[in-house]
Amino acid sequence: MPSRKYADGEVVMGRWPGSVLYYEVQVTSYDDVAHLYTVKYKDGTELALKESDIRSQSSFKHRKSQSSSSSPSRRSSSRSRSRSRSPGRPAKGRRRSASQSREHKDDKKKTIQETSLALVVVVLFKPSENNTKRYNGEPESTEKNDTSCVILEQKLKPDLEVKRVLEQYSLRSRKDDKKKEEIYSEKKTLVAVKPIEKVPTKTKELEFGGRIGTFMLLFLLPATVCYLLLMCKQDDPSLLNVPPLPALESLWEGRVFGVFLLWFFLQAVFYLLPIGKVVEGLPLSNGRKLQYRINGFYAFIFTAAAIGALLYFQFELHYLYDHFMQFAVSAAVFSLALSIYLYIRSLKAPEEELAPGGNSGYFIYDFFTGHELNPRIGNFDLKYFCELRPGLIGWVVINLAMLLAEMKIHNLSVPSLSMILVNGFQLLYVVDALWNEEAVLTTMDITHDGFGFMLAFGDLVWVPFVYSLQAFYLVGHPTTITWPVAAAITVLNCVGYYIFRSANSQKNNFRRNPADPKLANLKFIPTATGKGLLVTGWWGFVRHPNYLGDIIMALAWSLPCGFNHILPYFYVIYFICLLVHREARDEHHCKQKYGLAWERYCQRVPYRIFPYIY
């Protein structure tokens, strides 16, 4: 296997595909299988080039200095001087023939055209003097606000003038043949428009422990759910008191699985209703934008009406509590079947539709992380639907079932204060997510992760059956709290919610429209990709303020359960581990994407999640 010639991070000269022009680029990675270098241009465009299309800067500059001595203008002057000393040259005052005069005019016109073309190329493609900064996304000025858009327009005016000159004056002779005309047209197109096609590459850096880690998670995640639910059923749910394994036949009931299927397809019907606005997601790797219908809040209202109707007709909702483990098993079986279907259909998906993090070529890893980025049946987006609908709304329904079960089991006329707090806090969280449904389109789950077992199991099993653990715990282990304690916990939850919502709103509004006058007070660091990194507001406080708000709310959800057992605090412990891991993934991707601009942002905002701690 030939060794690579250029190292990652090295600034070299790369030939633009289909042309003879070389530009300064930075090597970002190397594919050992295809023997291709992935390079980044100044405008953020990434392409895969062969080694033969790359040259070192020193050799390119040396060639340039040699070629400059034989530039069109010098060649023309050299030819004119040699003709003036030629013995066959007519005397100065001697009259030329008509054909000689025309030839001399044509030579002079070609000389002018060649000189103009050389000047235009120098103006358009003049190398930057500080290339290492611009390649890695480091801006010439550290911070900018929205007034930078005006400055950018002023800087683009000279380029627009050059473009106007190119369109006004033709740079080829009328007597050129058709082949030269086609070559010139192709070069002109390359100058005017740069393609954004990106050669798909295999996933090199495996997450979640690679193939072995993802294989173990396939069994560990379902086992964890079953263990937690069995622990909550015990009178003493301490860690040392391991629950007995239930009989296999008690874990499955066809009627329960039918109810789960009915719930899933009911939410699918609500998703397909032609209500709510249709918005576009973020651009994909091929530049295309998918459309999404935003009607999650309407689906929640219709679900609430359906549940209300069931309660009116005296349907006992605590059936969920009595068969809670069987519902969890049914959801796990369905998510596994869905994951198998998703992987099989992803084998026929085009390369540009595969997930950047789930295209490793290893079956177990791609099956777990998700091979296809946005699997759709017509306009029905499977990943987007499962992200917020069946599991998130089902979480609220399960909490309500636990509240009714507590009242029935303990003969209460009203639910306990602890149960009211847990239901109220988590209801606020779900309603907020559905009301701001459009914000999910900018999250890593939608833009980066494929739809495989990880998200299918997480959306359909982990969210509804683990996130409702506090309510499930309170049914069998009632906890009494005083009103002052309840008030303090409520204040804590409100603080976390305020940080979570305001931080997410700042980020989403800035991503959607950075030029919004309402965001004029926000400062940001521009990057080579065209996006900005906020350094004021919540995002100037810590790098992930939304994670900080999430963790504070998770703690507030667990506190109403008291301190007798650690089991109700599993959620907040797990959530801290999850967000720390996700933050590490974010850091890695952002460093690769933004380069030195991200390093400058980290210097400006040193704390990741917890201020002055982490």
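Count begins at 1; order follows the chain as displayed.
Backbone N, Cα and C define each Cβ position, glycine as well.
Predicted automatically and left uncurated, TrEMBL annotations should be read as such.
Feature list (source: TrEMBL):
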| type | residues | note |
| --- | --- | --- |
| DOMAIN | 4-62 | domain 'Tudor' |
| REGION | 53-111 | region 'Disordered' |
| COMPBIAS | 66-75 | compositional bias 'Low complexity' |
| TRANSMEM | 212-230 | transmembrane segment |
| TRANSMEM | 250-273 | transmembrane segment |
| TRANSMEM | 294-313 | transmembrane segment |
| TRANSMEM | 325-344 | transmembrane segment |
| TRANSMEM | 455-475 | transmembrane segment |
| TRANSMEM | 481-500 | transmembrane segment |
| TRANSMEM | 521-542 | transmembrane segment |
| TRANSMEM | 562-581 | transmembrane segment |
Flag the pair the transmembrane segment (455-475) / the transmembrane segment (562-581) as in contact if three or more Cβ pairs fall under 8 Å (sequence separation 6 or more).
yes
Which residues of the chain, 6 or more past the ends of the transmembrane segment (212-230), have a CB below 8 A from one of its CBs?
243, 246, 324-325, 328-329, 332, 364-365, 367-369, 453-454, 457, 461-462, 465-466, 469, 472, 567, 570
Tally of helix, strand and coil residues over the domain 'Tudor' (4-62) according to DSSP?
9 helix, 26 strand, 24 coil
Averaging pLDDT over all residues of the domain 'Tudor' (4-62) gives 80
